[in-house]
Amino acid sequence: MIYQAETLQVKEVQDGVAEILFCAQNSVNKLDLATLASLDKALDALTAHSGLKGVMLTSDKEAFIVGADITEFLGLFAKPEEELDQWLQFANSIFNKLEDLPVPTVAVVKGHTLGGGCECVLATDLRIGDKTTSIGLPETKLGIMPGFGGCVRLPRVIGADSAMEIITQGKACRAEEALKIGLLDAVVDSDRLYASALQTLTDAINEKIDWKARRQQKTSALTLSKLEAMMSFTMAKGLVAQVAGPHYPAPMTAVVTIEEGARFARNQALDIERKHFVKLAKSEEAKALVGLFLNDQYIKGIAKKAAKSANKETQRAAVLGAGIMGGGIAYQSALKGVPVIMKDIAQASLDLGMTEASKLLNKQLERGKIDGFKMAGILASITPSLHYAGIDNADIIVEAVVENPKVKAAVLSEVEEQVSEETVLTSNTSTIPINLLAKSLKRPENFCGMHFFNPVHRMPLVEIIRGEHTSDETINRVVAYAAKMGKSPIVVNDCPGFFVNRVLFPYFGGFSMLLRDGADFTQIDKVMERKFGWPMGPAYLLDVVGIDTAHHAQAVMAQGFPERMGKQGRDAIDALFEANKYGQKNGSGFYTYTMDKKGKPKKAFSDEIVPILAPVCAAQQAFDDQTIIQRMMIPMINEVVLCLQEGIIASAQEADMALVYGLGFPPFRGGVFRYLDSVGIANFVAMAQQHVELGAMYQVPQMLIDMAERGQTFYGAQQQGSI
């Protein structure tokens, strides 16, 4: 043994050939701070080892190295710039040391080889993979960019254009593509991977492969003419500006880094990369996006714990109520391996549900995600039925009938008689209290809410609503089932609107009040989309949700929270509803809609809206962007905080993920609680108090006032690592 540490070991595997084996005690290998330090010492040991002819990098896991340890990022990023710069210099000195070994090096690449893992293998001379290999640099998705030499080495290995595509998109390449672009030198069968890599290294040792020339290319300036460079970088900047936009600076910074470093050799180019990385790491966007990644891991951990705690795994499911929503739920269940009965009282609805499932499967087929055989198998695992036959075998029932409490209660009561005492019943409702529906059941402990978002196949969030009598076993089984479906389940306690709709309607309330006071809804949409970063402004979102749906839900919320959400007379939603302007579904709402060539609705402003809104809106007046943002966001933020204060939602992490996954809250802001930490709770309280005359929606919750006085934050040190 040449060197041994907790996460890696170095030994001589044949005459003069040493193997660096990454072998962390965890389920995956990561380039955390400890592993980097061990790799540094391992390379020193190799340098001092006599008779060294070549070095192999291998992993004892299915994935080579999944990347750096993201749980350490926020702690590192919180350090002063000088310390962060020193850490990066240290990390880069390690990869330079690997690249500068006086012998050829080969990486044995399998499974996920991402981020720091990819940057590690880029420092080797040769890279051999198998068909499981997925290699890439996803850092821009976290608001940063490669900082271990990825912006320097990748363009020199595969060319600037391909490198910029991979880095700016945060893309991982499958083995075949990686081979085609030169990121891998060979792809072989898994059982031959080690032997092939060893043979490749032997060929390099025997000078059958010119590894020195390959290394020279990586450590020199990029070979681009002035014209080639101008065309390449100008085009890349244009594409990135169009796709990433102004709220996500990392992709553009990566392009600038590659451009600035192109004319320099490795060490100077690394200095440029380091300078830009530090700037990104200190940004609020990086803090928010890394925070979201950690929050996502947090809710996945909760789901895994629930699955382990559940006494029974869901093997079969049933959906009551077909149509688009029922078909979408059935499709998602079947796609993830849980056969499902889809029951309805109308054949036309069953046909619609099966058509929806077939349509979604055809899209998967067209994209090459599944083959015809698998498609047929998935479709066969959805059983449409007009009767309850076989439903007694279902472990979980998802009721997805019309949003009417009497109809839902009747259907749930009826199906309870058809199933065993262990069967879990759930209701896919967006507004009806779970405690109300539970009154119709003999076994309310086996019942909870399971709120899917539309379209089911795209929206990651599922709200799991705990009723007064819901048992822990029921929650555990439903959370586990939602996770099995590929969803992100978040448990909330019962209240009108649950969590997502409860916090959405004060936002719509702020919108209605702005219109009442003379604001232009098209300006509000532009500000909330372009400045704040929502995917849709409130008027457009209401049209997509459906004015009729929003009108109904608004009444439910007003009844549940009369002080904050009770209406003072008619508003814009009422006016449109009464004029039968329901939004996209009937072609006219705040905007008018026509279908484009692809069959997608395209919105346009029409003067016909003006007389409809006139009775409920003051004469138009100008509002500055900040006033619009404040008046829109304060009610939502206050309601989110109240939900945490009242225990409707358990944690800031779950709330922020629910907002991003369920409502499209701008990811670069990280969710409401991350946003509050970013702007400063005391600053938010002072800002909100300037608008308090607008009504109870603008009244700051006591929790925020107390936290502002104490100088507290929501995330504090709980997501901080240590350097």
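Every residue gets a Cβ built from N, Cα and C, even glycine.
Copied over from Swiss-Prot:
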REGION    1-189  region 'Enoyl-CoA hydratase/isomerase'
SITE      GLU119  site 'Important for catalytic activity'
SITE      GLU139  site 'Important for catalytic activity'
BINDING   ASP296, ASN501, TYR661  substrate binding site
REGION    311-723  region '3-hydroxyacyl-CoA dehydrogenase'
BINDING   MET325, ASP344, VAL401, VAL402, GLU403, LYS408, SER430, ASN454  NAD(+) binding site
ACT_SITE  HIS451  active site, for 3-hydroxyacyl-CoA dehydrogenase activity
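Here the Cβ of GLU403 (NAD(+) binding site) has 17 other Cβ atoms within 10 Å, regardless of which shown protein chain they belong to. Sequence-distant contacts of GLU119 (site 'Important for catalytic activity'), defined by Cβ-Cβ distance under 8 angstroms and a gap of at least six in the same chain, are PHE95, LEU137, PRO146, PHE148, GLY149, GLY150, ARG153.
Rounded to a whole number, the distance between the Cα atoms of ASN501 (substrate binding site) and ASN454 (NAD(+) binding site) is 13 Å. Taking the C-alpha atom of VAL402 (NAD(+) binding site) as reference, the shortest distance to any of the recorded positions GLU139, ASP296, HIS451, ASN501, TYR661 belongs to HIS451.
Closest by Cα distance to HIS451 (active site, for 3-hydroxyacyl-CoA dehydrogenase activity), from the binding-site residues MET325, VAL401, LYS408, SER430, ASN501, is SER430.
Ranking the binding-site residues GLU403, SER430, ASN501 by Cα distance from GLU139 (site 'Important for catalytic activity') puts ASN501 first.
ASP344 (NAD(+) binding site) carries neither a helix nor a strand DSSP state and counts as coil. Within 10 Å (C-alpha to C-alpha) of ASN501 (substrate binding site) lie the following binding-site residues from MET325, VAL401, LYS408, SER430: SER430. Site extent for substrate: among the recorded binding residues ASP296, ASN501, TYR661, the largest C-alpha separation is 21 Å.
When other Cβ atoms within 10 Å of the Cβ of LYS408 (NAD(+) binding site) are tallied across all protein chains shown, the result is 23. Take the binding-site residues MET325, VAL401: by the count of other Cβ atoms within 10 Å of each Cβ, the lowest one is MET325. Looking only at the binding-site residues ASP296, ASP344, the densest Cβ neighbourhood within 10 Å occurs at ASP344. Spacing of ASP296 (substrate binding site) relative to ASP344 (NAD(+) binding site) is 35 Å (Cα to Cα, whole number).
Cα spacing between TYR661 (substrate binding site) and LYS408 (NAD(+) binding site): 26 Å, rounded to the nearest whole number.
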